[in-house]
Amino acid sequence: MGKVIRKIGLVAHDAMKKDMIEWVLWNSEHLIGHKFYCTGTTGTLIKEALEEKHPEIRWDITILKSGPLGGDQQIGSRIVEGKIDYLFFFTDPMTLQPHDTDVKALTRLAGVENIIFCCNRSTADHIITSPLFTDATYERIHPDYTNYTKRFDNNNIVSDALQKVMKKTDSASD
């Protein structure tokens, strides 16, 4: 079995970008061959740093919009589409973010989709050095939301609403 290719999201708040760059460079040997999705500035800096350290390697990095300009939502979309199965999001716990709702949405989606998710360097270190990171047989469990998505099947919501509207329409025409 060949090397497993992980699909990794990399995001960092402004105060954490240096930490993210250092972490990526420190772990670059572990990251070779994987696919990356990054928000704007973070992705640009990571690409520059990796290409400088390893000019012989062609890194597969997709750079999306800046987080506050929709990049966080683009990352979230890729999580839902199954295009990201790891999210390393170095958050700044000391600064209120103007796009805090997007950040919370990403955290929620990571939980809903059961992807591997961390928001600090220590946890990222443990994830990337875990034997499961390179284990080609490891697959995350995809939650079954069938009961949730079918919660309105055989429900009278549409017929009840239609009946109510028809009664009002009939009353109005009298």
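Each Cβ is built from the backbone N, Cα and C atoms, and glycine gets one as well.
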Which of HIS30, HIS54, HIS99 belongs with HIS13, LYS17, THR39, GLY40, THR41, THR42, SER66, GLY67 in the substrate site listed by TrEMBL: HIS99
Count of other CB atoms lying within 10 Å of the CB belonging to HIS99 (substrate binding site): 18
Distance, ASP72 (active site, proton donor/acceptor) to THR41 (substrate binding site) (CA atoms, angstrom): 12
Which listed residue (THR39, THR41, SER66) has most other Cβ within 10 Å, given these are binding-site residues: THR39
Cα-Cα distance linking ASP72 (active site, proton donor/acceptor) and SER66 (substrate binding site), given in Å to the nearest integer: 8
Neighbour tally for ASP72 (active site, proton donor/acceptor), based on other Cβ positions within 10 Å of its Cβ: 25
Neighbouring binding-site residues, C-alpha within 10 angstroms of ASP72 (active site, proton donor/acceptor) - of HIS13, THR39, HIS99: THR39, HIS99
